[in-house]
Amino acid sequence: GTLPCGESCVWIPCISAAVGCSCKSKVCYKN
């Protein structure tokens, strides 16, 4: 929840979810 993964999730899910990122406020974050 604190480290941006450099990916947005406005239209599609986080591809970086594979490495533990999740969508928050239209941006993918890790932890």
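Cβ atoms here come from the backbone N, Cα and C positions, even for glycine.
Computed from a predicted structure; not experimentally measured.
Taking the Cβ of Cys21 (disulfide bond) as reference, residues of its chain lying under 8 Å away and at least six apart in sequence are, in sequence order, Cys5, Glu7, Cys14, Cys28, Tyr29, Lys30. According to Swiss-Prot, the feature disulfide bond maps to Cys5-Cys21 (among others).
Secondary structure at Cys23 (disulfide bond), taken from DSSP and collapsed to helix, strand or coil, is strand. Around Cys23 (disulfide bond), the same-chain residues six or more apart in sequence whose CB sits under 8 Å from its CB are Cys9, Pro13, Cys14, Tyr29, listed in sequence order. Feature annotation from Swiss-Prot assigns disulfide bond to Cys9-Cys23 (among others).
Positions annotated as disulfide bond by Swiss-Prot: Cys14-Cys28 (among others). Reduced to three states, the DSSP call for Cys28 (disulfide bond) is strand.
The Cβ of Cys5 (disulfide bond) has 19 other Cβ atoms within 10 Å, all protein chains considered. Under DSSP, Cys5 (disulfide bond) is assigned to a strand (E or B) in the three-state scheme.
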